[in-house]
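All remarks here apply to the structure that follows.
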Amino acid sequence: MILKSLLKGLDYEVIKGNEESKVQNIRYDNRKIEQGDAFVCVKGFKVDGHSFIGDAIKKGAKTLIVQEDVSVQEDITIIKVRDTRKALAIMSSNYFGNPKDKLKIIGITGTNGKTTSAFIIKSILEKAGFMTGLIGTIANYIGNKKVDAVRTTPESYELHELFKNMVDAGVEYCVMEVSSHSLELDRVYGIQFEEGIFTNLTRDHLDFHKTFENYYNAKFKLFERSNHSIINLDDPYGANIVKDIEERGVKTKVSTFSIEKESDFKAFEIKSHSNGSEFKVNLEGIEEFSINIPGEYNIYNSLGCIICAYNLNIPMDKIKEGLSDVVIPGRCELVAKEKNLPYSIIIDYAHTPDGLENILSTVKAFTKNRMISVFGCGGDRDKVKRPQMGKIGCELSDIAIITSDNPRSEEPMDIINDIVKPLNYDNFVIEVNRKEAIRKAMNMALEGDVIVIAGKGHETYQILKDETIHFDEREVVYDILEGK
């Protein structure tokens, strides 16, 4: 491809060489460079791509995209831009033929509820006959074909490659979980969203964003790029988003939803039980919906999805069908149901204070005897939420078993000490080994008890200091039942 074509839509300066030169591929990782590639020198938080220019040239890079002043002796084309992250996004889109413009893209942001919402919308669109792609935490999907996900939102190059694969496969809609990292790091730069949904905002990722204001502003970027913004007005930050959209002159149509406050679309006559909820919403007339996942927070997730589908003119019967039939891996997932155990086991991805409170409150409401929770906190992540999660776990559970999650580079016991140090409860026990913690919960469970294993959900691995091991909690439960 001609370099000039890749640079379309960018403000740039040719420092050296020729913009009519040919480029084989675009790379932002110097380890992947091949002969004739363009190397985009992305400035990261730990490493700076500009430091690897010499290595990139040795491997065959013929073009450098930089934002710093650089000098090289070789016959290399150098293009200077203001921001190489934004440049990577635009160039990647151009390289793959701008597939984003051939898809209707729906973005979902918020601390919790992104995955559930994405799966609900995908289910609704597929019931309506649309081939749908999904990009998210659990995996990426091209229709029914599953592609493993490395991060919630891929880097811009991989994202546009995925868009191209979707377009080639006949996908019409793409539903995306849009993380605060991806918005802040410009992975989704240049993408215009058909619909942007806000689920909620609670403390998370402050190890990255540093302040809550930064976290909020990162999330807000989605609505600056959405044709239609759908906002949860019951969340304390929902009203802020609506206000900021107006005050900042953002060109987006706004719809609000709620259970408590007055909004454009309010759920009422709610009936909740252990298998899900039924509720009504006044759209063009009063409509009744049901979802087979319990918890008030899943009614909120459903509302955003219903409005999204309604805006897209999806037939009402297909919206209802997609909502009632949706299955979400690792979200309030009942495990070993066919074993007819005297107690129940639920696996859930809850890994934030708000997420843990939601799942435990929901399960507690339908637990006949005791609720036993098993949870920990991730290493190399925001430490402030550790005692918060300990307090929530002990307050809501009859017995809390505090264990390891993904400790990463930290010592598991150091993380556990952060969780339990301020606790003034006597209903918790510590078991560092996560499998043994699950075994302990199952061994102590009595008839009518419910065990909630929180934190990993769909994940099939555990990240330790020196290695990542296979760890699927469904398999662990069955292994324990078989005496392993």
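Positions of Cβ are set from backbone N, Cα and C atoms, glycine also.
Since we're looking at a predicted model, the values are computed, not measured.
Per Swiss-Prot, ATP binding site is recorded for G110, T111, N112, G113, K114, T115, T116, and the stated evidence type is sequence analysis. Per Swiss-Prot, the feature N6-carboxylysine maps to K219. The meso-2,6-diaminopimelate binding site feature in Swiss-Prot is assigned to R381, D405, N406, P407, R408, G455, E459. Per Swiss-Prot, motif 'Meso-diaminopimelate recognition motif' is recorded for 405-408.
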Sorted by sequence, non-R381, D405, N406, P407, R408, G455, E459 residues with Cβ within 8 Å of centre, meso-2,6-diaminopimelate:
H351, G376, C377, G378, G379, S404, K456, Q462, I463
Would you count the other C-beta atoms found within 10 angstroms of the C-beta of R408 (meso-2,6-diaminopimelate binding site) for me?
16
If you measure every Cα to Cα pair among R381, D405, N406, P407, R408, G455, E459, the residues listed for meso-2,6-diaminopimelate, what is the largest value in Å?
17
Could you round the CA separation between D405 (meso-2,6-diaminopimelate binding site) and T116 (ATP binding site) to a whole angstrom and send it over?
21
Quick one: Cα separation, the residue listed as 'N6-carboxylysine' versus G455 (meso-2,6-diaminopimelate binding site), in Å?
23
Alpha-carbon spacing, G110 (ATP binding site) to E459 (meso-2,6-diaminopimelate binding site), which is rounded to whole Å:
20
Entry from the binding-site residues list D405, E459 having the most other CB atoms no farther than 10 A:
D405
List, in sequence order, the residues of the same chain other than G110, T111, N112, G113, K114, T115, T116 whose Cβ lies within 8 Å of the centroid of the Cβ atoms of the recorded ATP site.
I108, S117, E177, T199, N200, N301
